[in-house]
Amino acid sequence: MLSANREVKKAVEAYWTDKITADELTKAASEVKKYNWTNLKAKGVDFIPSGDFTLYDHVLDHSAAFNVIPARYTGFNLSPLDVYFAMGRGRQAGGVDVPASEMKKWFDSNYHYVVPELSEATEFKLNFNKAVEEYNEAKAEGVITRPVVLGPISYLVLAKADRNASAGFKPISLLEKILPIYKQLLTELKASGAEWVQVDEPVLVMDVAAGLAKEYATAYSALAPLSPKIILATYYGRLDSNLEYAAKLPVAGLHIDLDREPGQLDATVTAAKAAGLVLSLGFVSGRNVWKNDFLTSVKLGQKAVSELGQSQVIVATSSSLLHIPVTLESEKKLTAEQKDWFSFALEKASEVATLAAILSGSQDARVSASLEANKKSIEARRKFEATSDDAVRKRVAAITDADIHRKSLFPKRMEAQRSLDLPKFPTTTIGSFPQTKEIRSARLKLGKGEITTEQYEEFIKKEIELVVRFQEKVGLDLLVHGEPERNDMVQYFGEQLNGFVFTQNAWVQSYGSRYVRPPIIVSDVSRTSPMTVKWSSYAQSLTKKPMKGMLTGPVTILNWSFPRADISKELQSRQLALALRDEVVDLEKAGIRAIQVDEPAIREGLPLRRVDWDNYLRWAVDTFKLATAGVTDATQTHSHFCYSDFNDIFPSIQRLDADVISIEASKSDMKLLAAFKEFGYSNEIGPGVYDIHSPRVPSVQEIKDRIASMLGLIPDNMLFINPDCGLKTRGWKETEAALANVVAAAKWARQTYA
Ligand code: MET
Ligand SMILES: [Zn+2]
């Protein structure tokens, strides 16, 4: 569970800027843990997790504990805490200059974990035992918990080979080497008195697990005898054929996700019965904010209870509550009707407790009152869902194949786009410039009514002018307005579209200390008026250089919102695409000749099972094309992707048919580009030349080297030069220095590859 008011983010950032000490940070962390434990207890939850608290990322916590610390972070005399943060976010201070580790999407979510780096030479060592420490810490607060540990197989599968590993090295080959660490961890945990431990093995819902039966058997037969009772937790998907061996592992219980995959209940009940396992039923969604429908859950739950007996059934949330804001109680602006549709983490905890009580046959008046109240809420929501925006529905129904294709093929468009007059190796940025304290404070003041809209807009105009003048001065070619008016790349659009509701405090972690506040889609989506045209045309009016318009794509808006649960994502994405298509066309009409539609989240929406991929990719690609295909040949469409490994959806990236794409490549060691080589890519492309997720400034030489290696794979008339993502999280100082180096490297490239 996260912290109710982003206390962890605030404390961590205060520590980074030397405003608080390490001890004060630890104290702030303890407060948050205590709040969460005592509140979960008060809600009536029996199995309260511990050990899942993190200052940055829970996978990184395991790496730090297991001494999986790449050599580049050691030898600087940093405290363990500073080494930990250096691995997470890089460090450039006091003579230390080291980039952050690679981050990757956590399964199909918008959370990013820090990828462990392993090789044959890795020597594991248990530096500290977080499970024990937090178990004891909670106990001291009067709360008995069920510690959570990421299981050995999932940890290894989520890791990557480090630079010293020999070719073909697979992290999973280290299983025998890592097991002693897990043995030690679990033995100590048992000695500290923990009765249960939750060992997370989400990899069990992935296809790769089909080939890991032997590894799972080896691991759990080694661990179970010396461990507290193990509940093996799977989530985000279905076990499918992996159930057969998973249920036979020598563990005490199995947890399944019934929010995503209710269809797996019957088979799991049968398998659990045969194996004598406790079954933990994840009814209550850990991924979405809608209220649980008690009647449906109870029906399913009773099936399990009648087969297994009450003592063998646990009710739970589908996954951890990492993806859900903490409590509805801090929402003062939602209407009573809206509030009644949702449950956040603490409310979900109550749902779990109530469902468990109902399933155990409780006659408590409070329980039946909760059941009645739930029935009413669900009925009210169903009524609301029955209403729809007919204009939107009709327009979606009328979409034709022609709507998703540009007028001409790329070569002809590329010709037409010469009118943009860009040099060889055009330099550009991904959109946002530093979101400074001043910008955030102006937005805050506007929200509080301390300044007028006019004053705010004047302020934004000045910011835009600053960004434009800077880009001209430093010598960038394709400019951006800097996105100072945007609180967040999804929220900004959601707030202007019909069909969304917004929270005041529903923050969820994206990575490290980055949090986002996903909007909630509650009804049909449409656009009332232009959303970005005013700012983009103002920016264009300031300069002769081309200005790139900047939109967030339909698939990303959808994937970074809490979607409706009553209609398909595909339909929701089409509604969004039509709204964005109108915006794209309006930008073109206003004289904007390059328009970027960001789709950083397209990869993370990919289903976890391969059999489900084609269907998703079909609609996701068509949705993007529907949003962008309304312009003439001369308008250059861009798209941007980041964070993920895109190799496996490569043909779909091509099928998007954007004129230019920019893509993160700096952290994943150019392996993406190898895919470009392998599959071929016909349009223009700007692989990121440096990592913006860290404050460190890349040297000109580093950037030249990147460009040179890219040119081994990409024709020189197709290469754009840009950072790997937006600059909003950066300060101005490093931004100025980094972009000056980018421009210098581009100049060098123009001479060298003339
Ligand atoms: C996470 S992708 C961000 C793209 C956006 N245009 C930006 O620069 O901030
Ligand atoms: Zn990005």
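If you go along the chain as it appears here, the first residue is 1 and each next one adds 1.
Including glycine, each Cβ sits where the backbone N, Cα and C put it.
Since we're looking at a predicted model, the values are computed, not measured.
According to TrEMBL, the protein has these features:
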- 4-302: domain 'Cobalamin-independent methionine synthase MetE N-terminal' (DOMAIN)
- Lys9, Asn110, Trp560: 5-methyltetrahydropteroyltri-L-glutamate binding site (BINDING)
- 425-747: domain 'Cobalamin-independent methionine synthase MetE C-terminal/archaeal' (DOMAIN)
- Ile430, Gly431, Ser432, Glu483, Asp598: L-methionine binding site (BINDING)
- Ile430, Gly431, Ser432, Asp598: L-homocysteine binding site (BINDING)
- His640, Cys642, Glu664, Cys725: Zn(2+) binding site (BINDING)
- His693: active site, proton donor (ACT_SITE)
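Annotated features taken from TrEMBL, shown on the structure.
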residue : record                                                : Cβ contacts under 8 Å, 6 or more apart
Lys9    : 5-methyltetrahydropteroyltri-L-glutamate binding site : Ser3, Gln509, Ser513, Tyr515
Asn110  : 5-methyltetrahydropteroyltri-L-glutamate binding site : His323, Val508, Ser510, Val516, Pro518, Asn559, Trp560, Ala601, Glu604
Gly431  : L-methionine binding site                             : Val480, Gly482, Glu483, Lys548, Met550, Gln596, Asp598, His640, Gly726
Ser432  : L-methionine binding site                             : Val480, Gly482, Glu483, Arg486, Met489, Gly726, Leu727, Lys728
Cys642  : Zn(2+) binding site                                   : Pro600, Ile663, Glu664, Gly688, Asp724, Cys725
Self-check item: 8 Å Cβ shell about Ile430, Gly431, Ser432, Glu483, Asp598 centroid, L-methionine site members excluded
Solution: Thr429, Val480, Met489, Met550, Gln596, His640, Cys725, Gly726, Leu727, Lys728
Quiz item: Which of these binding-site residues (Asn110, Ile430, Gly431, Cys642) have a C-beta closer than 6 Å to some atom of ligand 1?
Solution: Ile430, Gly431, Cys642
Exercise. Round to a whole number and give the Cα-to-Cα distance in Å for the pair Ile430 (L-methionine binding site) and His693 (active site, proton donor).
Key: 13
Exercise. Ten-angstrom check, please: count other Cβ atoms within 10 Å of the Cβ of His640 (Zn(2+) binding site), all chains counted.
Key: 27
Quiz item: Which binding-site residues of Lys9, Asn110, Glu483, Trp560, Cys642 contact ligand 2 in the sense of C-beta under 6 Å?
Solution: Cys642
Quiz item: Relative to the Cβ position of Cys725 (Zn(2+) binding site), how many further Cβ atoms are located within 10 Å?
Solution: 26
Quiz prompt | Stretch-averaged pLDDT - the domain 'Cobalamin-independent methionine synthase MetE C-terminal/archaeal' (425-747) | solution = 94
Practice problem: Look up Cys642 (Zn(2+) binding site) in the DSSP assignment and report helix, strand or coil. | Solution: coil
Quiz item: Record lists Lys9, Asn110, Trp560 as binding 5-methyltetrahydropteroyltri-L-glutamate; longest Cα-Cα distance in Å?
Solution: 20
